[in-house]
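Undergrad: Okay, handing you the structure first.
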2 protein chains.
Amino acid sequence: MSALDPAIADRLKRNAEGLVAAVAQQRGSGEVLMMAWMDDEALHRTLTTRKGTYYSRSRQRYWVKGETSGHVQHVHEVRLDCDGDTVLLVVDQDGAACHTGDRTCFDADVLLGTED
Amino acid sequence: MSALDPAIADRLKRNAEGLVAAVAQQRGSGEVLMMAWMDDEALHRTLTTRKGTYYSRSRQRYWVKGETSGHVQHVHEVRLDCDGDTVLLVVDQDGAACHTGDRTCFDADVLLGTED
């Protein structure tokens, strides 16, 4: 049982694992930093602490972004999409968002570049 | 069997349904417009046509964004994240990205606002 506000919990459309997708975006620049997952408790912790907090499917535990790297996400806004299955976090990201050391998780692999 | 370039297909980490997440972002403004899903064929079509093309889990079919609304997504860049499970599309979105008529799917429901 999560402490998430029931008025919010009622609007979530979770996947079969009980999770919603979470996209983190840098405030100001608009860079899309990363995509991860949250259950109700991770969303509750994010909303109440204003630190980006996710649920790791592989490790089956909560993780606060930056808890080991120091690259914390200060959360300014959280928005739920029209389907209720994705949240958008507008954050101030300290340092690299990606575990590889890249600024964002989308920096390294360009599948299609801008047309000439 | 999809026509997706095997060198790309090999880098994808699909979920149990065979899908990767796809986040669409407006070029220039950086607005995060929507989140949807792609299988290999939807990604192949997106890369080759430069029109945002997704896979609908509920309808079990492909859909080209704007095919009914006229609100087409012209795709400028496609990037794969470090995990291989999410693509970021940088697009020019004609009109509203959201089926509700909102510019983005994240406009209507603010769970947490900016601190005073």
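Cβ coordinates come from backbone N, Cα and C, glycine included.
Just so you know, TrEMBL annotations are computer predictions that nobody has curated.
Reproduced below are the annotations present in TrEMBL:
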type	residues	note
DOMAIN	B:34-106	domain 'Phosphoribosyl-AMP cyclohydrolase'
BINDING	B:Asp81, B:Asp83, B:Asp85	Mg(2+) binding site
BINDING	B:Cys82, B:Cys98, B:Cys105	Zn(2+) binding site
Undergrad: Could you state the whole-number distance in Å separating the C-alpha atoms of B:Asp83 (Mg(2+) binding site) and B:Cys98 (Zn(2+) binding site)?
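TA: Cα-Cα distance, B:Asp83 (Mg(2+) binding site) to B:Cys98 (Zn(2+) binding site): 27 Å.
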Undergrad: Would you mind listing, in sequence order, the residues at least six apart from B:Cys98 (Zn(2+) binding site) in the same chain with a Cβ closer than 8 Å to its Cβ?
TA: B:Leu33, B:Met34, B:Thr104, B:Cys105, B:Asp107, B:Ala108
Undergrad: List the helix, strand and coil residue totals of the domain 'Phosphoribosyl-AMP cyclohydrolase' (B:34-106) as derived from DSSP.
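TA: Secondary-structure breakdown of the domain 'Phosphoribosyl-AMP cyclohydrolase' (B:34-106): 10 helix, 30 strand, 33 coil.
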Undergrad: Near B:Asp81 (Mg(2+) binding site), which residues of its chain come within a Cβ-Cβ distance under 8 Å, counting only those 6 or more away in sequence?
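TA: When sequence neighbours closer than 6 are ignored, B:Asp81 (Mg(2+) binding site) has B:Val87, B:Leu88 within Cβ distance under 8 Å.
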Undergrad: Please list, in sequence order, the residues in the chain of B:Asp85 (Mg(2+) binding site) that are at least six apart in sequence and whose C-beta is under 8 Å away from its C-beta.
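TA: When sequence neighbours closer than 6 are ignored, B:Asp85 (Mg(2+) binding site) has B:Leu12, B:Lys13, B:Arg14, B:Asn15, B:Val20, B:Ala21 within Cβ distance under 8 Å.
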Undergrad: Look at each of the binding-site residues, B:Cys82, B:Cys105, and point out the one with the fewest other Cβ atoms around it within 10 Å.
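TA: Among the binding-site residues B:Cys82, B:Cys105, the sparsest Cβ neighbourhood within 10 Å belongs to B:Cys82.
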Undergrad: Around the C-beta of B:Asp83 (Mg(2+) binding site), how many further C-beta atoms are within 10 angstroms, looking at every protein chain?
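TA: Taking all protein chains shown, B:Asp83 (Mg(2+) binding site) has 15 Cβ neighbours within 10 Å.
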Undergrad: Looking at the domain 'Phosphoribosyl-AMP cyclohydrolase' (B:34-106) alone, can you tell me the average pLDDT?
TA: 97
